[in-house]
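Per TrEMBL, the features are as follows:
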BINDING   H187, H252, H323, H529  Fe cation binding site
REGION    539-570  region 'Disordered'
Amino acid sequence: MSIPATASSPSPSSSMEIIFGRNKKEQLEPVSATVTGKIPAWLQGTLLRNGPGMHTVGDSKYNHWFDGLALLHSFSIRDGEVFYRSKYLQSDTYNANIEANKIVVSEFGTMAYPDPCKNIFSKAFSYLSHTIPDFTDNCLINVMKCGDDFYATTETNYIRKINPQTLETLEKVDYRKYVAVNLATSHPHYDEAGNVLNMGTSIVDKGRTKYVIFKIPATAAGTKKKGKSPLKHAEVFCSIPSRSLLSPSYYHSFGVTENYVVFLEQPFKLDILKMATAYVRGVSWASCMSFHREDKTYIHVIDQRTKKLVPTKFYTDPMVVFHHVNAYEEDGCVLFDVIAYEDSSLYQLFYLANLNQNFEENSRMTSVPTLKRFAVPLHVDKNAEVGSNLIKLASTKATALKEKDGHVYCQPEVLYEGLELPRINYAHNGKPYRYVFAAEVQWSPIPTKILKYDVLTKSTLKWGEECCWPAEPVFVPTPDAKDEDNGVILSAIVSTDPRKLPFLLVLDAKTFTELARASVDADMHLDLHGLFIPDADWSAEKQTPAKTQEDENQMPLSPHRPDGTGIGPQ
């Protein structure tokens, strides 16, 4: 059954300008939070988060909320105390903008026009760069663990190494030096050894446009040597040709099971020819993306053992998916859960003009994010009748209908409407699982509550409070946890009540009761994604500095998506 919010949330339109329209101030030195309640003694580590924090530079403004300059922030939790700090990512983009005191580097929703006569900009920001774009390194979406290192990530070919303790920005890394991708997701997956699996798009490489799945080993060349980047040993795992040479699908995440990778080629597409001429036409790259509601969504299933596609052609109705939740195998089928939209209207809503003007009216026109479960049969019986349902599982109402041409049309089971930013206990990533931790968004895409959804019983537990806007909930398991929901939920809460400070919320993940909150006298922003980094010596009294398997399960994934904390993300 549901636990109601402690109070109803205020009208979103009265709060949007406070949340989205104001630049945030850095908190460079750690500030001590005021803790009420009791933080579990075992919870020792750092919650590291990322998201846009600056939307105007000088007199210039970004058009889209997802364009804002990256602001990292962290909550260090030790011995019941919490310390908060925040710092803007010192990207090339940030430095060029600040030096010019205006936006001179283009983002996806904002095209910038720097003065070509001034030599303060590198070639990356020159006019010619926009013909075949050299994308921004404003890595504002997520944080990725790679070997012993941490990187701020976005959806371009650039990632920025960061110091998770000081939030200092370190070197800039170009994926293209290691794998041929122009775009890459911010939601990689991790296996139990810490190897990273990610996807990117290679645009018209050697006359082909393809989706590239690549793997980064946890250690360089299989050694344990510190300081050696495992990125140098990245390898292409599998390539999937795009159905269109010049209009590849947009995607934000993907799914994995123990033996398969699930990728959705959806009809939300990027027009490469339009993108190549966007700068001279005076339009943003985002205007080159469009939803083709007459097209299908193709479901690609890749066998990790053979590194090849399952030959059957699976498809479903047109939809837009940003976040995969989880996927697993059951009785010859792959089941995968996603947050699906009927169209691309969510992206349109996050233009700042739509957020800050007539928000309630605009948001009601936005497609509702819906948790849907799909089931894909791995082996199709040639003798099965056309039109028959190939899914015989009692655990789901999802169907897969055989068609005359041998293709299979998949219809999902609708599990829940009105949730986003899903996370799970990452120890269950790619395996059967029961709980989704997410933000409830109701009719608005702005989170108003934190939600626990039980996929088995279809029941929910919720937390909410008046004038409070929660970020993505992160699950942290208790040491030696036996139950999937034995742990805590961490969420950074922004308040639009001037009398209430922002705070870190700590919930009991099993009961969804509040254990503690750490209020911070700082200018906290609404973030996007991040991870929890447990202290290596969280249990010093055991005098076991080497990581145990439970320690490994607490390392974070990526996790826009998906995901909870665990090394193995979404």
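Cβ from N, Cα, C; glycine included.
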Across all chains shown, how many C-beta atoms besides its own are within 10 angstroms of the C-beta of H529 (Fe cation binding site)?
28
For H323 (Fe cation binding site), list the number of other Cβ atoms lying within 10 Å of its Cβ atom.
27
Candidates H187, H252 (binding-site residues); min other-Cβ count within 10 Å returns H252
